[in-house]
């Protein structure tokens, strides 16, 4: 828990960085939201039918609108794919800067409170650009392991499902499917957790080998499963709880005008900012865990002295024997 507490204090000290990341996320979202808003206001032709959607979803209204203006809307939806890829790259790109910020704060713990802990955007961007290549390679390695395990569980699930489909009831078949889905979720989250700790190993050791860092992180996580993967699941549950709270609020609030739309918008932005802070908090916690664990001892390079030749010992044999 001390790592969580320390990382929380460091996250609070890094609120300008959290705000910067949130601003980048909001800017990416506006790249799609503004064209979408312009397209919808142009294509709705001042129809009052859309006001009925405030009280609940109406498939007929949406279907009629898509039949009439589907081409224009799909063109905007096509931007969403590029937005997702851009956001994924941005997440990978920012990792180095976030870790550099926590390294800066950790090195200042012995100094008076607040001394030298001011967030500097230039240093943050330097960290992002310095480690982006390594983080991209590590992302590829993590994705490879996730895809391989997904294919393995899919093949096993199909074989087991076909074997029991003739002798078991529908409820039991669904139960078997849920078991394999749970196994897939477990292995996927475990691999993602290992990937996060591999980022920290690359950063700590200033290394470039993604596969080697992933292997070291795997051994570290498996040896300290509760301190690493257990905390990772706790952070996932916190994020899931935030989304559940939003959906509860959305179901309780009656959206019947611009005021309630604005309220929901503010709640959504608070949720997004909280998600950014949660991600930063987790990386800070993992950084503290990695720093507290014993680091592997690297063997020192072997050294030896070459024999020297003299007039009395032209072959250098006596010097070598001595």
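Keep in mind that glycine also has a Cβ here, set from the backbone N, Cα and C atoms.
Residues or ranges marked as transmembrane segment in TrEMBL: 12-37 (among others). Listed as Cβ neighbours of the transmembrane segment (12-37) (distance under 8 Å, sequence separation of 6 or more from its ends, same chain) are residues 76, 79-80, 83, 86-87, 90, 94, 97-98, 101, 105, 117, 119, 121, 124, 269, 272-273, 276-277, 280.
The annotation transmembrane segment is assigned in TrEMBL to 85-103 (among others).
According to TrEMBL, the feature transmembrane segment maps to 138-162 (among others).
Under the heading transmembrane segment, TrEMBL lists 174-194 (among others).
Sequence-distant neighbours of the transmembrane segment (229-249) (same chain, 6+ residues past either end, Cβ-Cβ under 8 Å): 4, 189-190, 192-193, 196, 221, 264, 267-268, 271, 274-275, 278, 281-282, 285-286, 289. Per TrEMBL, transmembrane segment is recorded for 229-249 (among others).
Summarising the annotation, TrEMBL assigns transmembrane segment to 255-273 (among others).
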Chain residues outside the transmembrane segment (174-194) and at least six past its termini with a C-beta under 8 angstroms from it: 142, 145-146, 149-150, 153, 156-157, 160-161, 164, 168, 214, 217-218, 221, 228-229, 232-233, 236
Chain residues outside the transmembrane segment (85-103) and at least six past its termini with a C-beta under 8 angstroms from it: 7, 10, 14, 17, 21, 24-25, 28, 119, 123-132, 134-136, 139, 199-200, 203, 280, 283-284, 287-288
